[in-house]
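Asks: What follows is a single structure, and I will ask about it in a moment.
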Amino acid sequence: MARWRPDTAEREATPEALYLRRREFLALGAAGAVGLLLPRGARAGEPTGAALQVARKVDQAGGETPTPWDSVTGYNNFYELGTSKEDPSRNAGSLRPRPWTVTVAGEVKKPQTLDLDALTRMFPLEERVYRMRCVEAWSMVIPWVGFPLGDLVRRLEPTSRAKYVAFQTLLDRDQLPGQRRPVLPWPYVESLRIDEAAHPLALLAVGLYGRVLPGQNGAPLRLVVPWKYGFKGAKSIVRITFLADRPHTTWNDAAPDEYGFYANVNPEVDHPRWSQARERRIGEFFRRKTLPFNGYAAEVASLYAGLDLRKNY
């Protein structure tokens with residue numbers, strides 16, 4: 001059976017500049033990369049944006065110090081707003097996060113279109129401090145604000161046929177000017193198995209540092225899956241589709257030998273062009289060891305019992 005794809009002709013675009021920024025990052029080398037990091041003694045900027053009412057705060061990063069606001073909001077991968085790390089923050093003003101709706105479709109008993117403000121009122125918001133590991137071998141610690149994805153999944157009542165959940169980013173060349181270039185086949189789509197989506201660690205984020213989510217970080221709604229590489233976290237979500245079969249996903253389609261469907265953080269499975277055994281924490285000079293499942297093995301390893309994680313990377 002053919003895999004599900006987003007219903008748009010944009011998926012046919014040729015990804016002519018696929019590796020542009022990822023290669024640039026590698027070419028910087030250790031000395032050049034240091035210039036992108038905040039010095040250890042630098043004073044971080046204060047969080048901006050409207051404050052969110054948070055019901056509880058949970059540290060799920062083992063007491064590690066959160067990455068400063070300046071770095072979390074100024075060093076981003078969001079190709080829809082540009083392919084350099086600084087482009088998303090420069091171009092985020094074009095994104096209009098209100099009004100915003102999310103369409104739920106597919107193998108679900110309660111298909112509907114949800115207003116984002118109504119959606120966020122359904123569930124108490126939590127602040128969760130998570131590690132974030134990029135596939136490019138850098139990392140952050142981020143205090144996200146959101147609600148468990150699993151709570152929404154259960155409320156929508158998936159049918160017995162639902163095995164996967166796909167998340168689709170907004171397709172709008174005016175709001176997301178990076179979509180004017182065929183860097184990737186737009187719109188961006190990512191997916192989880194339904195048991196992954198229902199796991200308590202999976203989060204739909206609407207903010208960070210207690211404030212509404214900035215555009216460059218995927219406003220107004222993004223997926224956060226802390227045991228997976230960052231590209232699994234779809235941003236500016238407008239559609240959630242429950243599916244019987246595994247769907248096409250953007251990076252896995254574009255370069256399947258480099259970006260696996262599962263994308264679990266695994267220091268023993270290298271990217272074809274660099275090691276995944278160590279990472280550079282933004283704000284630090286020396287690399288640190290990468291932890292299996294990004295440090296969340298105790299919580300999530302059982303999801304993959306019996307699965308060859310070298311083949312299913």
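Backbone N, Cα and C define each Cβ position, glycine as well.
So Swiss-Prot says this about it:
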- Asn76, Tyr79, Glu80, Cys134, Thr169, Asn217, Arg222, Gly233, Ala234, Lys235: Mo-molybdopterin binding site (BINDING)
- 1-44: signal peptide (SIGNAL)
Asks: Please find, for Asn76, Tyr79, Glu80, Cys134, Thr169, Asn217, Arg222, Gly233, Ala234, Lys235 as listed binding Mo-molybdopterin, the greatest distance between any two Cα atoms, in Å.
Replies: 19
Asks: Sorted by position, what residues of the same chain at least six away from Ala234 (Mo-molybdopterin binding site) have a C-beta under 8 A from it?
Replies: Phe167, Gln168, Thr169, Tyr188, Val189, Glu190, Gly218, Arg222, Leu223
Asks: With an 8 Å cut-off on Cβ-Cβ distance and a minimum sequence separation of at least 6, pull the same-chain contacts of Asn76 (Mo-molybdopterin binding site), or say none.
Replies: Lys85, Pro88, Ser89, Gln216, Asn217
Asks: Counting across all protein chains shown, how many other Cβ atoms sit within 10 Å of the Cβ of Thr169 (Mo-molybdopterin binding site)?
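Replies: For Thr169 (Mo-molybdopterin binding site), the 10 Å Cβ neighbour count is 26.
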Asks: Which Cβ among the binding-site residues (Glu80, Arg222) has the fewest C-beta neighbours inside 10 Å?
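Replies: Taking Glu80, Arg222 as the binding-site residues, the minimal 10 Å Cβ count falls on Arg222.
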Asks: Can you tell me whether DSSP puts Glu80 (Mo-molybdopterin binding site) in helix, strand or coil?
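Replies: Going by the DSSP assignment, Glu80 (Mo-molybdopterin binding site) falls within a helical segment, counted as helix.
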